[in-house]
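J.: One structure is given below, represented as C-alpha cells, and several questions about it will come after.
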Ligand code: C5P
C-alpha cells in the first residue's frame, strides 16, 4: 500500500471518536480531526490519545484569516503535536507565508476549493501555484485535479472519495478510491463511507481490497 488512508472523524463525541480509532487501528494510522470536534474543546485530548498510540493527526482547521492572525494561530497549532494542519489557499499569499513560517514540525496543507463546490481546473491551478510558491507541504484537491496538481511536486491529499457502493452525500467532485490513487493521490481522506457504515472496519477493509485488485 503506497498510499495512505486518512479517516475523517467527523463527530462531536470524543468517546465515539476514540471507539472508531480503536476499531480501525490495525488498518489505519492517520485520523482527521475537523471543525466539529475542534469546537468541542476536546481536540487536544484526542490528539494526545492518537499520538500515544503512534498514530498521526490531520488537523483540518481550514485557516482563512489575515496574515497576522494566521501566523499567531499557527504558532499555537505547532505546539499541539499534529502531523499536519490545513489553510485555505484563498486566505492569500501572505497568510500562507505566515503559516509556513510558524509551522514548527507540523506540515502545512493548502486547501484549494472544497470538493462540495464545483470549480474550474484553471482556478485550482492558480491557487496551487501560490501554495507551491510559498512552500506548503501538500495540497488538498479532488482526485479529478490530482494528476495536474502532481506536477508541482507537492503531496496530494484527496477528499470526496466514494467507493461505488457508497452514497455521495454532499460531495460533488467525487472519485472512487482506485481512481484517486491512479491520478496520483498520496493520501485519501475518507469519512462517511467508513464512519456511517454499520461495520466501519469491514467498510475500510473493503476499500483497501478494492484498491488492490
Ligand atoms: O464523509 P466524507 O468522506 O465526505 O468526508 C470528507 C472529509 O473531508 C470531511 O471531513 C470534509 O470536511 C473534508 N474535506 C472535504 N473537501 C475539502 C477539504 C476537506 O470534503 N476540500
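Note that Cβ sites are derived from N, Cα and C of the backbone, with glycine treated the same way.
Remember, predicted model here, so these are calculated numbers, not experimental data.
Pulled these from TrEMBL:
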ACT_SITE  60  active site, for OMPdecase activity
ACT_SITE  62  active site, for OMPdecase activity
ACT_SITE  65  active site, for OMPdecase activity
BINDING   10, 32, 115, 162, 171, 191, 192  substrate binding site
DOMAIN    4-207  domain 'Orotidine 5'-phosphate decarboxylase'
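Tell me about the setting of these features in this model.
T.: Secondary structure from DSSP puts residue 60 (active site, for OMPdecase activity) in a beta strand. A simple way to gauge crowding: the CB of residue 60 (active site, for OMPdecase activity) has 25 other CB atoms within 10 angstroms, across all the protein chains here.
Spatially close to residue 62 (active site, for OMPdecase activity) yet at least six residues away along the chain are 35, 86, 87, 88, 111, judged by Cβ distances under 8 angstroms.
For the recorded site, residue 65 (active site, for OMPdecase activity), the DSSP three-state label reads coil.
Under the three-state DSSP scheme, residue 171 (substrate binding site) falls in the coil class. All protein chains shown were included, and the count of other CB atoms within 10 Å of the CB of residue 171 (substrate binding site) stands at 19.
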J.: Would you mind listing, in sequence order, the residues at least six apart from residue 191 (substrate binding site) in the same chain with a Cβ closer than 8 Å to its Cβ?
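T.: Spatial neighbours, sequence-distant, of residue 191 (substrate binding site): 7, 8, 9, 10, 32, 159.
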J.: Looking at the recorded positions 62, 65, 115, 162, which have a C-beta within less than 6 Å of some atom in ligand 1?
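T.: The ones that qualify, in sequence order, are 115.
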J.: With every protein chain in view, how many other Cβ atoms are within 10 Å of the Cβ of residue 192 (substrate binding site)?
T.: 17
